[in-house]
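So the structure is just underneath, and the comments pick up after that.
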Amino acid sequence: MTWVDAILLAVILISALHAFFRGLVREALGVGAWIGAAVMALIGLPHVRPLIQPYVEQPYLVDAIAAGGIFLAVLIILKIVISWIAGLVQASILSGLDRVLGLVFGIVRGAFVIVLAYIVGTLALPAPERWPTPVREARALPYVADAAARLAALTPPAYRPSLPELAGPPTPRVEDLLRPPARPRQ
């Protein structure tokens, strides 16, 4: 186990504990709030742009101010509503279930962040032989690379990142691990 493995475990552990204490409702609705605020910024941009144009000359700055303002306003409103809803759930009998499901959500989120970081990292430094030794020797690397390949396969071919092939023995696949052991014939 290298220091890279320790960092990966720490990322997953921190994400899991953070989601455990906040609960699934707050975490899931929080992600939805960011997505909703971004969508509302795109929808509201044409309507707010004319209000800002008389005061700002640069068109890119007008768009940035308009979209940023809408995004922040919607995000703040949604966060207030989410806080109220999550408070109701935390005060109810579902509090324990909310926290346990939050823990699971946090583990998945931490793994997803690691896989995304791997994909971005391979775009910046695509040759595995140029990676630092602790990264190449990390025990988690084959699993992260496999998950990144599965995630990249879900993207459209025009946008699919080319991920490097790792040298060394292949990691066992989930199907191999779940297959019952072979029994000798009698």
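Heads up, the Cβ atoms here are built off N, Cα and C, so glycines get one too.
Curation plays no part in TrEMBL annotations; they are all automatic predictions.
Bear in mind that the values here come from a model prediction, so they are computed numbers and not experimental data.
Taken from TrEMBL, the feature transmembrane segment applies to 6-25 (among others).
Same-chain residues lying 6+ beyond the ends of the transmembrane segment (32-52) with a Cβ under 8 Å from its Cβ atoms: 62-63, 65-72, 74-75, 78-79, 82. The transmembrane segment annotation in TrEMBL covers 32-52 (among others).
Summarising the annotation, TrEMBL assigns transmembrane segment to 64-88 (among others).
The transmembrane segment feature in TrEMBL is assigned to 100-125 (among others). Sequence-distant contacts of the transmembrane segment (100-125) (same chain, at least 6 residues past either end, Cβ-Cβ under 8 Å): 8, 11-28, 131, 144-145, 147-148, 151-152, 161, 163-164.
Look at TrEMBL and you will find 159-186 tagged as region 'Disordered'.
Remote same-chain partners of the transmembrane segment (64-88), defined as residues 6 or more beyond its termini with a Cβ less than 8 Å from a stretch Cβ, comprise 22-23, 25-26, 29-30, 32-34, 36-38, 40-42, 44-45, 48-49, 51-52, 56.
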